[in-house]
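Lifted from TrEMBL, the feature list:
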- 7-27: transmembrane segment (TRANSMEM)
- 47-70: transmembrane segment (TRANSMEM)
- 77-95: transmembrane segment (TRANSMEM)
- 152-176: transmembrane segment (TRANSMEM)
- 188-206: transmembrane segment (TRANSMEM)
- 265-284: transmembrane segment (TRANSMEM)
Amino acid sequence: MSRSNFNNAVVSFLVPLPSILFYLYFVNHLQTNNGGASLSPLWSWCFHHPLLLANVLFFFNVNVLFWVIGRIQSSNWMIDLYWTVIPVMLVYYYATHPLAQFDLWRSKVVIMLTWVWSIRLTHNYFRRENWQWGAREDWRFTDMRRQYGRHWWWISFFAVYFSQQIFLIGICLPLYVVHSVDMPLNMWDFVAASVCLCGIVIAYFADTQLHDFVTTNSKLKQLGKPMVPNLDRGLWRYSRHPNYFGEQLWWWGLVVFAWNLGHGWTFVGALINSMCLAYVTVLVERRMLKQEYRAEAYRLYQKTTSGCVPWFKSSVIAVKDKDT
């Protein structure tokens with residue numbers, strides 16, 4: 001392990017400690033004060049506003065601290081890694097907050113599913129980064145860094161970090177609802193769990209197929225052989241972005257949990273995330289079309305293959321007839 005890789009790993013493990021230690025101190029302080037009978041204004045506020053407290057901790061520990069580390073390292077890589085971790089931290093926070101009330105079995109199912117989702121996405125992150133910690137930042141951040149130049153130092157706070165608070169806290173609202181309403185399990189919980197699990201499985205196979213494709217092309221490039229211009233096998237035969245589709249199924253499955261508990265309004269978080277991901281797919285496809293060796297093949301792929309939701313391919317002949 002290189003020195004920079006080791007340093008990034010250490011930073012990754014240490015960086016959430018401020019929020020964790022603050023929360024543990026708060027819970028311990030509450031227990032030693034007769035469950036909140038005589039609390040100071042600060043601890044009373046933390047006790048009565050679990051959702052707002054989560055936002056405050058996110059703002060200072062992620063937005064501010066991650067931004068400072070990103071400025072020091074000249075790289076905003078850490079937010080990608082913590083996308084896979086923060087939902088796990090949030091679900092445990094909501095489940096252990098003193099005001100939490102919930103059905104134990106529903107909580108266990110949601111926590112287990114969140115762990116499975118996180119492990120799947122974390123594995124995919126490190127596999128994609130060749131098992132390196134912080135080897136590079138997301139290409140979209142790199143593009144924005146070039147676009148905004150000397151203004152990037154302050155724009156990055158809002159574009160990279162503050163925006164993530166809106167997305168992550170928003171899409172994790174169902175985790176809060178699950179631990180705020182105590183209602184027995186019913187059929188809709190099994191529907192929600194099935195949607196979540198299907199999303200995780202689809203995303204896993206889609207990302208694995210994409211990884212194998214990228215690995216094969218890298219080997220062909222090293223050997224000086226022509227690269228395969230486009231991935232249109234497996235799940236990618238039926239959708240141009242099956243990994244994104246699987247990820248969206250996961251989040252909308254969580255919304256079903258919340259809807260079943262009478263809080264359908266939490267769909268707002270998943271909707272914003274879906275709209276953002278739709279924009280990201282546009283950026284990804286523009287990037288694909290800029291690569292000369294695959295542009296023509298990808299244009300045909302766009303015409304014959306569903307953008308997100310898996311569906312049967314359109315025939316090339318039908319597409320040509322439509323164009324004429």
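Glycine residues also receive a Cβ, built from the backbone N, Cα and C atoms like all the rest.
Model, not experiment: these values are computed from the prediction.
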Per Cβ pairs under 8 Å, the stretch of 7-27, 47-70, 77-95, 152-176, 188-206 packing most closely against the transmembrane segment (265-284): 152-176
For the transmembrane segment (152-176): best-contacting stretch of 7-27, 77-95, 188-206, by Cβ pairs under 8 Å: 77-95
Intrachain residues whose Cβ lies under 8 Å of the transmembrane segment (188-206), provided they are six or more past its termini: 106, 109, 113, 116-117, 120-121, 124, 234-236, 242-243, 245-254, 256-257, 259-260
